[in-house]
Every structure is written in C-alpha cells, then in structure tokens.
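Pulled from TrEMBL, these are the features on record:
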REGION    35-56  region 'Disordered'
COMPBIAS  47-56  compositional bias 'Pro residues'
TRANSMEM  145-164  transmembrane segment
TRANSMEM  229-262  transmembrane segment
TRANSMEM  283-308  transmembrane segment
DOMAIN    338-394  domain 'MIR'
DOMAIN    407-463  domain 'MIR'
DOMAIN    468-525  domain 'MIR'
TRANSMEM  600-618  transmembrane segment
TRANSMEM  639-658  transmembrane segment
TRANSMEM  670-689  transmembrane segment
TRANSMEM  701-724  transmembrane segment
Amino acid sequence: MCPAAVGVGLAESGLRLRRGRSRAKATGVAVSGPELAVGDGGQCSKQPPPPRPKPPGQAVGWVLLAAITSLAFATRFHRLHEPAHVCWDETHFGKMGSYYINRTFFFDVHPPLGKMLIGLAGYLSGYDGTFPFQKPGDKYEHHNYIGMRGFCAFLGSWLIPFAYLTVLELSRSQPAALLTAALITCDTGCLTLSQYILLDPILMFFIMAAMLSMVKYNSCADRPFSACWWFWLSLTGVSLAGALGVKFVGLFIVLHVGLNTISDLWQLLGDLNLTMVTLGKHLTARILCLIVLPLILYTTLFAVHFIILNRSGPGDGFFSSAFQSRLLGNNLHNASIPEHLAYGSVITVKNLQMASGYLHSHWHLYPEGVGARQQQVTAYQHKDYNNLWIVKKHDANTDPLDPSFPVEFVRHGDIIRLEHKETSRNLHSHQHEAPMTRKHYQVTGYGINGTGDSNDFWRIEVMNRKSENRIKVLRSQIRLIHLATGCVLGSSGKTLPKWGWEQLEVTCTPYLKETPNSVWNVEDHINPKLPNISLDVLKPSFAEILLESHMVMIRGNSGLKPKENEVTSKPWHWPINYQGLRFSGVNETDFRVYLLGNPVIWWLNLVSIGLYLLLGSISTVSIQRGIQLTAEVKGLCQVLLRGGGQVLLGWMLHYFPFFMMGRVLYYHHYFPAMLFSSMLTGILWDTVLRCCACCLSSFPLANWVHVFGISLLILGIAYSFYLFHPLSYGMVGPMAQDPQSPMAGLKWLETWEF
C-alpha cells in the first residue's frame, strides 16, 4: 500500500465515523509540520502542504444530484410505451392490479403492497381494470397501461440517486458516488426491470430507501435524539415495512438493518460515559422505530388489502371456509344452508390444513406403475364441480332424497360411502402405496354407478363434538377412517406431477395421530329436504385472517414450480450473467426484449468483490499486527472496511440465502444483490485509484491518475451501455448470429438467447 493515500472526502472533510466522540482520533486527517500530507489531487508531498482549496459547495452537490436523477428518469422513461403488449410477468401483476380496481379477491405468494400500488397507479391514470392480462403478447389496444408502467419506472429511477447518496455517505467521495450511479444507470438489466409492470422496481426502491436511511441515521450518531436522527431512524422503519410488504425477501434488508443496530447498540454499551438511562432511551428508540413502527405499517397494509378485496374471486379456494364467508359473492357469504349433514346430501369436503384444498376427483386414472390404475382422487384448491360428493349409507343404494323416506342425519361413528357426483365412483382406498408419500395408502375412485366393494366404506368421526353426535356444516371437524385398513383420509400437501394436473396428493395414512392434514370440514351442503340457517356467525376476526393469509402465502411460496418452457436458473448463474430471460418476442419479426445485465458491469462487479476481499484482508491483518501506518492510510482502511464492508454485507445477505431455498428460482432474484455489488465497485475503485495516485507521486501527472481512472471507467461503462441498450429498448430484425443484427458480435456466451 502507498505510504499515504486517502479518498477525496477524507482529504477534504475527514472520515465521518459513527461515534462523533472519537472522530478526530479515528481519522487523524489533520497533519501538520514536515509530515507526509495529502493535497487535493491525492498527490503525496514531503513538504508542508499548501492551503487546501475549499471543498465543493452545496450548490455543486445539488447540481450533480439533479443531473444524475434527470439522467436516471430519462433512461427509464425512454420508449416506455414499447412494446404495446403484455410482457413476461405483466400477465400476473397487471392482472392483480386489475383485481384491486375491481375489488376481486385473489391469491398470490407475495404480500400485497406492490400489487396495491400498481392497482392504485392504474386507477389514478385512468385504467378501468377490464384488460384480462391472459398471456404475454396480448395487445393492450385502447387500454391505458402507461400509468402502471410509468409508476414502476418512477420508482426504478430513484434507485440511482439513492445509491449515489448512500455511497457518498459511506465514502465521502463524489467520484465513488458518480461511478456507482453510472454503473446502475447503464445496467441494461436494472433498466429493463424498471420499465414494466413488475414488483421488482418497487421492492428495490424500498430496499435502497432503507439502506440510505440507515447510513444517514448512522451519520447522525454524534447528534442522538435530534430531529435529523429521529427522521432517518423512522424513515428506515417505514422503508423496512415497505420492502417486506412487497416480497418476503424484504426480510434480507430487515436482517441487514438488524445487524447494524445490534452493532450500534454494542458500541454504545461500551461507552462508559453513557448512563443506563441514556442506553435505555437508545434501545427504546430503536425498538419503536425499527420494530413497532414497521409492524404497525405492515399490519395496516393487510387491513387495507382485506377491506379492498371484499368480493369473491379466483383465490377463494386457497382459504378456509370461514375466511370465504366474508367475501361478497361467495356462496358462503350471508349464505343459508342446512345446518346438519344428512344422507343424500351433496357436499364439498375441505381439508383444514392451511393452503390445502377440496376433496376432488376427475375422470383421469393413475398412470401405470403408480398404485392401482384407478380414478385419481386429489385435493384441489379451487371451486370446481368435480369437488361434489354424495353422502350415502354403506349398505343401501336407495335414494335418500325420495320424499317417501324420512330424513336421516349422519352421526358420529356412522359408516358411510362418498360417491363422486360427476363420475359416480366411490371414495376408495387399499394397501397400494400412495404416489408421493411412502408408507401411506393410495386413495382412488372405484366402482360403477355407486356400486363398489368393502374398500369404499368409511367411518366418520367428529373431533370437536360435545354432547351432540350430528355433523354440523363448517363447524364440525371430521375425520374419515377407512374401515378395511384403519387408515385416515388426509392430504399430504405434496404437489402431484403433471399426470395429476399438479394438484395436491390425497392419501390414507396409517398413523392415527390427529393433524390438520387429516381433519376436514363440510363446506357446501345441498339437501332440499332440510331447512336452512344463516352462516354470519362464522366470519373470522382480523387476527385470524391475517394469520391464515401468511400461512397460505408461505406454503404457496415454498411450493412454486416452474411452468412449461419457463427458464429457471441457479444462484451460481447470477453473478456471472450466465443466462437472461426473454421478456418479449422470439422470432426475427417480433419486437424482442431480453432481460440481461450489462456484462461489462456485472463482470466488473464480480472482479471487484474478489479484489475487495483481498485488499480488505490485507488491511485487517495490517491493523491487527500493529504495523505502523500513517494517519492517511488508516483513514483509507476505515473507508474500505467500514463503507465497503457495509455494502458487502448487503450483497451477501441478498444473495447467499437463495442457495438454501427449495423453491424455484429465477434470474431476476439477483438484482437487489446486484445493487449492493455496484455500490461496492464504486467505493473500491475510487479507493484503489487514489492509492495508485499517491504511489506514483514522483511522476509529473500523478495527480491525474485518479481523475483519469474514474473517467475511463465511466466512459467504458457508458460505451458498453451503447452496445447493449437494444436488449432493454427492444430489437426487431435478425438475431445476434446474423452480421446485420444490431447485436452482432455481442453474444459473448452461448447461453444468451438474443
């Protein structure tokens, strides 16, 4: 390392440390007399330094910020209307925005904030919620989609000034912040994600807002409990609620802020000048702003979500019968149905496990080699005619609805048959192994016109009965015990392969322990011979529906599987830019948009991570071994370790957890981590170039090394954006293999599909 080197902000303003009480001691910026000094250009000198020029005024800083922000908005809003058709996941999130406008209940694996904001943007911009968003490629025609795209582009544009300000705060260096802004502005991947109706720009907006707020309140540590300190601490909490309210991966920035807070409190605990009362105030402030405030906001957005989506829709079947009873238009809302189950009733039976489904069958058979080749029985999460079953006596084939027969109620302990209404086959089990779950028995549909064998008999048990033995609709929790084998009917929750239409497996388990997946309730109930009662008393409380919603979302997230012909990826693919995603178009005549990060930027970021680990290790070992370093070198190490370490931690927390996830993963999951790696690149190369300038101080143009190096990096990044920008703004014509293509010669990896 150079014997004396320091960043621009360090030379001009001193390194701002968290603890104001130790600022001068830690940085040691002021050097006088014949000692080595650092001038404005980073040039080393053995003579007393000349008077340092004043740092750029606030006006210059505001001009730079305005220019960066303007460029960000210009690149994100350019050609926003193209293509005028549905692209990639717009089919999901545009449709969900329409559901909010129409107040139609739906199910999604993510929390609701992002979709609510998309719906609000559409509503305010004049979109009426009538476009179906059926599949990619559908023309928008007269429908107003620009408002929703514009909202996402608006939030995506703010990523660049947020990153600029974050790096400026961590490094106190304008060049480092400018380099970071250039990296994110010119990244084709971030640009593409920001221009469409997606959750990603909304998520990244809140992540970067939380990061900026965190470093800002860290910088106010020498003024605790001031208005500025409270503002940034509170804004951090608001941003955390926003990130978590868009996607559960917002937990990564929550963890980042949590670790920073623990470190902050640990340092405060070591300050013997602080009283226990003051420490208690610090702890209370962080609990209020970083835990209580986010939880209140997060809970509130779910309350708004439930108030808006009050009409029955495609998501009903994922939730319990009690949850559905609060939805307008659902057959259970303000419904009047017979209270007690009787023979001859047509019913649906719903599993009580969260995110499970209705007992279901259809004409399709189990394939060869999967138990007996009989009719499939599954659990299906949607309302469907194939969910209907007829309750019959096990030893009679007479019609219980015949007016000449008296009503006979089903009671606890009765032996019954369940006949599938559509196919007239009985619910059946035998000792063949279940298709997915070992040591469980297969459940099938068997028989002809209700005539089967003794393996169709089930004993019904009421788990929550008190004195009455009759079966109550919705209220009674029942188990069905197979008479021949003694096993219990249940849903394993495992998703069947494509031959089972990716519905949930139903098995008969020999383990008799009571669990939610083996307990059912009767939901729909049709019997013209019985009087009806109102179901208003079954509506759940807010706490109950909040808990159920989270259980359903978590279950749905973990069970996500790739769709046919969908491009998935693995976490190790992402930093090396191994493969992108088609947003729009396949053929030469199509308007093609391809999600791929600017390879120059991504590979520079990857190199920077490795170089940072090397230089950071050298700096740490040097300090630990007590090697004599000048005050300037110590300051440089603080910038590298504190500022760089903060963003490296962010990159690790937003990247490595994906290696432990069992769900399907996609390329776009890496982009929050990419923002942190870009900030690290800006800090690292600014520091390295300043060190080089100092080491080359004997050369006449040494003071230009830093300026030239930063300028060369920014120009190279801008030129790479010029080369790859058609990936984001769209291509028509020959593919990259053709010399006439605008992307000719730029397909550097065979896995890129443009």
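Each Cβ is built from the backbone N, Cα and C atoms, and glycine gets one as well.
Bear in mind that TrEMBL entries carry predicted annotations, made automatically and left uncurated.
Panel annotation: around the transmembrane segment (229-262), residues 110-114, 199, 202-203, 205-207, 209-211, 213-214, 216-218, 220-221, 223, 285-286, 289-291, 293-295, 297-298, 301, 553-554, 557, 646, 649-650, 653-654, 657, 669, 672 of the same chain, lying at least six beyond its termini, place a Cβ under 8 Å from a Cβ of the stretch.
Secondary structure of the domain 'MIR' (468-525), assigned with DSSP and counted as helix (H, G, I), strand (E, B) and coil, comes to 6 helix, 27 strand, 25 coil. In the domain 'MIR' (407-463), the DSSP tally of helix, strand and coil residues is 3 helix, 29 strand, 25 coil.
Residues 65, 68-69, 71-73, 76-77, 80-81, 84, 94, 97, 117-118, 121-122, 124-127, 131, 177-178, 180-181, 184-185, 190-191, 193-198, 201-202, 204-205, 208-209, 211-212, 675, 678-679 of the same chain, all 6+ positions outside the transmembrane segment (145-164), place their C-beta atoms under 8 angstroms from a C-beta of that stretch. Listed as Cβ neighbours of the transmembrane segment (283-308) (distance under 8 Å, sequence separation of 6 or more from its ends, same chain) are residues 100, 103, 111-113, 116, 225, 230, 233-234, 236-238, 240-242, 244-245, 254, 257-258, 261, 264-265, 542, 545-546, 549. Each residue in the domain 'MIR' (338-394) gets a DSSP state, and the totals come to 3 helix, 28 strand, 26 coil. A mean pLDDT of 90 is what the model gives for the domain 'MIR' (468-525).
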